[in-house]
Structure formats: C-alpha cells, structure tokens
C-alpha cells in the first residue's frame, strides 16, 4: 500500500542515531546540507525523471540529456548556485553529459596548464559556457601511454601557427566525451614538432565547431564512436572521434605554463616546476575514490533493503519464509560491501586533506612527499574502483532474479560504473606504479626513512620477524592487532618481491617477470592504507548515539573480511598461524550478527533519494512488489495484447502455414 | 586492409595442429561437422545479422527476433534438420527466443512428467509447433523455493476440473520466457488443493491464448515484465507475468506421471519413482556447463586476439610498442581463463557420460549414485557459471577502453550470460546443497564408502595426515601431485567443517552459522572434480601434432592458477608449506610462457565465426581499427553533423540566451 513503510520494523531496530550518521557519512553538517538540498532539488523536478531512459533510442536519449543539461545550467544561474552546489546538482542528475568534461577536465586543464594570459582569455569564456570544451588525449590506437600518441602539432614559423594533424587512422582522437556533437573546443594532446625535431607531447586549444552554426570547422572530421555498455549510462554522452587534416591554430593556443615555443620556434621550459600537475592528479583521484564510495553505497542500499523485504525458504508451519537478510551467506557477501562503502568514504575524506597538504608543499617547492602521494593515490584508485565494480555486481546477484531487471537499478549502475576500472589509469597498470614505488622504498631503506602512508615500511626489518600474538577471537577486535597484521603481511610481500627481483639479470626483466606478484604486493600495501585510514578516523571524536560503535563494527568487518579473503598472503608470509586466521573468521561471523540490526539504518545513512537510486528493489518504503508490477507495465511491449510481429511471424507457425508465408 | 590476415604471424607460431584441436574441442569429428555447418549456415544468412540489435527499440527488437525465429523454423523444415542440428542452429542464432523454452523446458517437461496418454496428445502438438509452451514456475515473490509458491490449483469434483488461481499479487507468475506475448500454453506450477487439503506443488498444462486470434483467454492477464540487463540479450525475449482469476482446466491437464488425482478427488502416487526427474536435472546442468564453456570461449577468443593486435608501452627507439599479450600481467589474467574454457568443456563432455550412466541406473531402479550425482552437478553448475561470468568481465577489462564499446561484443556477452549464476539454482544455494552432501558423506564414512566424484573422501583419514612432497617447481607438473593437493585440501576443509558443526547445539543451527565456510568447502570439492576430469581426459588418447601437449599445459595452468588463487585454503589446512605454494606459482609463470606462442591458435580452435563472436575486437583477421571506425559510423547519432537538440538546448547556452529560451 502507498504511504506504508514496510521497513519500519527494521528501522526501529537501529542501535544508533541515523541523522548523526548521515552527517558522519557526508563529512560535515555543511556538506550534508548541500548534498541533501541538491538531491531533493533534482528528485522533485520532473525534468530530471530517469525511469524512461532504457526505453529511449540513442537519439532521443541524447537529446533528452541535452535538455536536462540546459535545464540544470538554467537552475545554476537562476538559483545562483555556487560551484560546489552546481557540482552536486550535476552529480544527482546522474547522467553523463558534456558539462562533466567542461568542469572536470577542460576548465582544470586551462587553469593548470595555461599561462596567466591564457587563463585570462579562456577561463571566463569556459566558465560562462560561451565555449564548451573537452579533453582530447586518447586515440583509437593509444590509451594509457601518452608518449605513444601519434597526433602531431608542427610549428610553422612563417605563419606563427601550429598545424594539428592526424597522420594515421590510429591517431584519430577517440573517446573524449562531448567531442562528437557538442563541444566547440578541445584541448588536443599532440606531439610537438619543430624543424623536424620532437619536443614531447603537449596540449593545444583547438576550436572544433563554428560558434555561429555549430558546424565542424574545415579540416576537422567529427563523429560519435557508437553505443557503449548499458542503456542510459554513457550513451547519454556523445563520446567522439576527431580527425584533423592539417588544421592551423595560432601559436598562443599551445598551453604554455610549463613549456613555451617562441615565435622564432625556440622550445623553452619555464621555471614552473613540472610537479605542479600532481595536485590536479590528487584531486582527480580523490573524486574517483569518493565516486567509488557513492556507487557502492547505492548498490548496497538497494541490496540491503531488498534483502529485508525478500523472503525465501525457512517457513515453519506455513508461516512467512525467512528474510533473506537473515541468512549468514547473504550477510557474509553483503555486509563487507556495506563496510567497504564506509571505508572508501573515509579514504576519500582523507584524500581531501592530502590534497591540501600537497598543494601547500608545492607552493614552497617541497616535492619530498610526491612519490609517496603518487603511489598512495594510484593504489587507492585501483583498490576502490576494482572493489566497487565487483561489489555492484555482487549486490545485483544478491537480489536474485529481479536484480536482472533494469527496474532494479543495478544493471545500469554496473554498466555506468565499470569504466572507472579502466579510465584515469588502468587498475593493474596503477598497481604496477605502486610496485615501482614499493621496490624503490624497500631498496632505499638503509638510506631513507619512508614517509606518510609508507612510513610503516621503515619498520620492515621488525615486521618481517614479529609474529601475530592473537590468541582469542576477541583479540581480533583490537585495531592494533589488525593494523600490525596488515602491515606485516604487506611489508613481507614487498621485501619478498625485492629479494626475488635481485635474482634476475636486469631489474627490468625481473620486474616484467614478477609483475603479477608485484601487483599482489601493491594491493597488500593499499589495503594497509585503507584499513589504517578507517582506524584513524575512529580515533577522532564522532558524535551521536551509537554512531561510533556502529562504525567500529564496520571497520572490523572490513579488515577481517579482507584478512579472510587474502588469508593466503597472511599465511604464506608466516605472520599468522592457521589457528589465528581461523579465529579472525570466527570473529567476523560474530560481527555480522552485530551489523544485522543496524543494516537498514546504515544504508539509510547514505541519505539516497529514491530518484537517485532509481531502483524499485531499493525503495525507501520497501513497497517492492506492487511497484515492480507497475514498472513492468510501462514497457512498450505492453502497449497491446497482441504484439507487433505475432500475426506475421508466429501465427503462420501455429497454423502450419509457414511454408507459404513471406518472412 | 581487407583480405589481409593481421594475425598470420601469430598463427604461424602455433606448436600444435589447429584442425585436430578443433575436433578435440567439439568432442568428436561428427560434433565438429554439425557445429561447423550450423555456424556457417547462420553466419551466411543475412536474416540472422546481429550488429544492428543495440540500435533497435524494444518493440523492433522483439519483432526482429520473431522474424529470425520463424526463419529458423522454416530452415529446420526445409532442410530437414535433425533435432540436434536444430539445437545448434538456435544456438548460433544467438538470441533468446520462445523456441528455447519450447524445446528445452516445455517438451522435456511434457515428456518427463506426463503420462503415456498425455505425452501422446501433447508432445506431437508441441513438436510440430501447433502449440507453443513455456514453463511457469517462479512467481513475483518466489524463486528458488518451489514449496513457497502461492498459485493454487483447486480440484472441483463437480466439474472434474482444476481451478487455477493467483490469490495474491506476489503469486503472479513472473519471468517465464515467451509468456508475455507468444506462448499459447504453459506448464503452471501450483499448490494442489483437494477438499481444503494441500497435496504439494504440481505442474498443470494451461492454455493461455486463443489458437485462433492469439488473444489471452478469459481470466488470464498476461504482460511483459520489462527491460532486462543489456541491449539485445534477453530483451529479445518476452519474459512475462501471468495472473489467473479462477481459470478452469480439465482434470487430465495435471501432469500425472508421478502422482494422480482421480475423478473422485483421490490423490495417489504412482509407482513411478520420483527420482526419475534426476536424469532431466543432469541433462539441464550438462547444458549449463557446456554453455559456460562456450560463453567463456567467446570472451577469451575476443580478448586474446585483441591483445595480440593492441600494442602499448615498451617502444624502443621509436619502434612499435609491445603487444599487450606479451605482458605477464595480461597473461596471468587471460591464460587461466583460456584454460578454464577447456576445463569446463571437458567437464561438460564428462557430464554427458554421467547422464547416460544415470539414465541406465534409473531404468533398473538403482538410485545409489543419485546423492553424489546431485551434488556433483550442482557443484559444477555453481563453479562454472560463477567463473564464466567473472571471466567475461575480466576479458572486457583486458580489452581496455574499447572493451566498453558495444561493438567489442563483450558488454552484451556479459549481460547475456550473468543470469546463469541465478537461474536453475542460485549459485550459493547450490554450494550449500553440495555442503549437505559433503557433511553427510563425511559423517557416514565409517559405514559407507563414498562413490564417484566423492570417492576420494573415502581416503579422508589419510588425506588429513599426508603432506605434500613437492620439492621443485617441476614437481608441480605431475598430475598426481596436483590431484592429491586438491583432494587433501578439500577433504581437510570438509572434515574441518564437520568437526566444527559438532560443537553446535543443533546441526541446523550449526549449518546456518557456518554456511559461508561450508560453501568454501564445497567449492574446494567442486574444484577437485573439475581438475580431475581435466586430468582424466588427458589420460585418453588425443590425436594430432602437439594437441595433447598443448592441453597438458592448459590443464596445469588451470590447476596451479586455482591453487594460487586459493592458497589460503591450501596453507590453512596445512597440506602445503608456503615454500611449496610459492614453487607452484613459479611453475605457473613458466607455463604462461609455454601458452604464449599457442595463444591465438588455441582460441582459433573454438572455431567461432565472426558472426557468432559479433566483436570487432575479436575479428579473425585482426583488422580491428578500421572496423571499429566503420562500426562507429553506423550509430544513429552520426546521421547528421548537427545532432537533434543542439539548436534547441546547446546554442542558447553558447549564445548566452538561455534565460529567454523555452526548454
């Protein structure tokens, strides 16, 4: 029935104050208010309706998103929203659109790589949307390896211009969002050539379309790269291909903050340190980790609520069946994911602090922490996106058959999320970057004390000797015991890899040969960081009845779940005995029982609107079955009792007249 | 360029005869010929074109499949195809359609559960498609638990009829394929009620639609349950909902082979053993395992070919970059999946033999092997479908950004495949069924010698004591060492679970509490079976230059990959030392180098047509980039330079006239 809260009993079981937990999740009371206001603004505006998306063809879908984007920009202006508010507005609209590129790639690239003069000219145009830009780096044949790009920018001294050119099919720019149909400008990454010499890959501001009639400029071929995974997801975006046939741009449209080309064709590096880009990198990765926590929180919210409504087996004397959420197998798959969502959330909060720290250091030319920051953020990116993608699909499976329906929200969430494993650094490539850092850190231990998230490696010689002292399942509730176990395992794996690397003729050969083991060692290192961040967060003051206690349970679930999942590492390195690993697993089961009464309240704490979740299974009120039925009826196939095609293609079979019918 | 084989060099490296390997994969020369002929028949018929699917709306998509299905049925008749050939024809058309239900569920249910009289009446009608049927078991509120179904079939003695009724919304039949728009009949599972007493759940043949004008019969409400994951996938099928409002059917439409209701309303069990259904179950699960191997073979074929074409990093002196397939991280993710495809293939071949064995035993009322067969097939189902679903997504990630394009074929393959983890027994529920068998087997060890795939448990007391004798990496090439390791780990986990169960007050409470651990022990048991099946297959004669050798490498890759992945189990149970586990991992790396030259030839052995793969990345000729470009151009968004919506929703923003425009 409408208006009934089918999850009320579940909500009444909560042992903590949900409203305060919402603030803990959001990060601060201010952050909570902004998010809450923007989420509701979107949810209550019919323009932002999402349920019809899967029924739209590509063109309609795209047009519909253009409409939403224009409406959003109108709201930003009419309501005088701040940039922060506008960012959340876009987030809750929950549809990839060209403005994502404008605000997250184009403007930051101008600000980060442009000279003062360039910024003065281009940034205001972009911020007022008089021009719309994208970031054109990847090519049909080239992804992660920027040095492999083929597009050329050849300096023509005579005309004081660069000639942007796509020499091969594989050099076609491929993937940039908005590139196909919308953007008027792009920052094109190309090989700078002066007098036949190659001076590295640089960014160039290239106008793509006429600001008058939107047609592509001469020499520029633009197109859409076709449908992507999922119905809505990135199909609302015109990811594009661009080819350049000797397109000329003025010399001052090379982004020249770090390197310049003079009108004489002289290539010069400015005294601006190249490391400046690191701050942007930290900020981008912070967003990725934050997005991971949000995506995972959506999935677990849906699966947890539905698991409380869904009943299966276990009926006694004809009574109701057991709530699926009460099964230990369901809990052991679901609760670690709830805990992971919180872990990633606190990791992203911490990355915000790291960003501020890095920025301050860069301003005074202190680059000492950069290698560690680079490794730690790469590792965070890899760990959180991989776990989130897997976690969403696990949540879909936890919803049984109905999880396969688009109306469950989970298939689209998965299809929408998975690119995060690939973009901004493929996850395994990221882990190998972490591995390079680990190997270097361990090799330098004699000379250099590691800092920040790698500081524990400074105690490596101790950690490879010390063994775990846990004797009871309760001992595993001690954060010191947990943290030492993760540190010891990671340190031993890193040291072990270094020892084996030394057996190879060349370090490069060894690194290539052992790359899988190195990636595993890196993951172990990343887990140390996520676990320790969670633990440190809990050492702070956290207000609200039972809030801190509930989070402590989740922190332990997260850590012991990882310990069980990777017990091979813990045992292989010899830090744990099988008995101790088994005690950890016993404790984990006990912890699940502690999560159970709080389960619904925990996912309520994410404060997700039904609009944002767009899931019949995850509805706040738990009114699942009638609404599933209602959603089904909207399918176009239900427009008529006798579907189109039945008369032509089914009846001739039934009436045994197929041989004479025309197909 | 057209006509060029970009993978020719790769193919020339193969150390085995591809044509003979194709026969080994297909199972026999005859099987190869049938598959090859049907695959080509489909590939060369323009009606079966698949690339346009993602661009079609739901109604067009559905109609298009009706057309293909009618065309296929015409071919079956015109070409006088056998049932086996027709099955392969449907398989290669590669689109879920109502005929899948007709041949795989409706006809077998009639044959398996109908009396001789019922079979005589209904089977010929179904086999000539004068009626089209589906299998209506699951309900909106009820899945795996058949005993929880709510639909009722109440016997009316007066009229000698059953009254089929949906008493609640949650009792609506939900999911059956073809139910919404196509099928004229369904086998409806319902609670049999006679004189107010409940006599269990039974199947009833219910006519749904008029054979004249296809309209739903009075009292029956039919509808489509809406869009599902993916673009084409199961959206080509009208999975449906049905509600029955006191619909009357003659008494003789209850399937009465095993139980009868007389016209006096007496419920009687026939002397036909209930166990007869087991043969069908084995056959269904054999098909599922076979489908897993096919789906995984498609994914690895695409990823392997593309990894040989794709180059990234590692360029020296401006030369070409390194083939992605040469990276150890790529190999360590991809080659175990290639090996898994073969492992599952041989498992399904073996299940065919098991099916024959079970059938023969049932005919002489020998039910002794049934518990073992039930557990082993449940385990196979769970293991192979879970690994395949994960493997397909892994292959998609291994293709980098382009794997996210629909034209890669991988997103659709994933969306198409994942229901296999849920239907016909949810995977974790399946593992718990295996666990019940394991617990019983171990508990009975004193009295009863386990048989078949569980025979090794008869040596449990030995296996829990004996330790691994491996001393070098080469020792891990010995199938006896491998098999014993898997058996010892599985036996120890099963015995360990039983010991811990004994500590609980009631066995049921213990089983519920330890269910996660029991599921892990079951998986270990299933891995013993798959590994041993692979090993036994290699003990047979396998002709062809290098074929057996290449398969031996894959068998070792499969086993040692699992050993490394689950090394936590192997170490925790104490059978292996960390050193021995590490030697296994060293051997695994060496094996990858042995797979590398054969990689392309191995995936060629699947004999997949480009039509079947429907992947630009997996093209046989490796001509990836030009064809990606070509495929992109077909997107509807590329119909015009200025997309629909630009004028209305983008230009007002650019021209700063948004405030005055109507959105």
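Along the chain as shown, the residues are counted starting at 1.
Every residue, even glycine, has its Cβ placed from backbone N, Cα and C.
In TrEMBL, annotation is done automatically, which means it is predicted and not curated.
Annotated features in TrEMBL:
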- A:17-132: domain 'Acyl-coenzyme A oxidase N-terminal' (DOMAIN)
- A:138, A:177: FAD binding site (BINDING)
- A:278-439: domain 'Acyl-CoA oxidase C-alpha1' (DOMAIN)
- A:424: active site, proton acceptor (ACT_SITE)
- A:480-655: domain 'Acyl-CoA oxidase C-terminal' (DOMAIN)
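Structural mapping of features recorded in TrEMBL.
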residue: A:138; record: FAD binding site; DSSP (3 states): coil
residue: A:177; record: FAD binding site; DSSP (3 states): coil
residue: A:424; record: active site, proton acceptor; DSSP (3 states): coil
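Of A:138, A:177, A:424, listed as recorded positions, those near chain B by the criterion of a Cβ under 8 Å from one of its Cβ atoms are A:138. Separating the Cα atoms of residue A:424 (active site, proton acceptor) and residue A:177 (FAD binding site) is a whole-number distance of 14 Å.
The DSSP breakdown of the domain 'Acyl-coenzyme A oxidase N-terminal' (A:17-132) into helical (H, G, I), extended (E, B) and coil residues amounts to 90 helix, 0 strand, 26 coil. Shown in sequence order, A:173, A:174, A:175, A:176 are the residues of the chain, 6+ apart in sequence, with a C-beta less than 8 angstroms from the C-beta of residue A:138 (FAD binding site). On the 0 to 100 pLDDT scale, the domain 'Acyl-CoA oxidase C-alpha1' (A:278-439) averages 95 in this prediction. Of all Cβ atoms in the shown protein chains, 23 besides its own fall within 10 Å of the Cβ of residue A:177 (FAD binding site). For residue A:424 (active site, proton acceptor), the Cβ neighbour count at a 10 Å cut-off comes to 18, with all displayed protein chains included.
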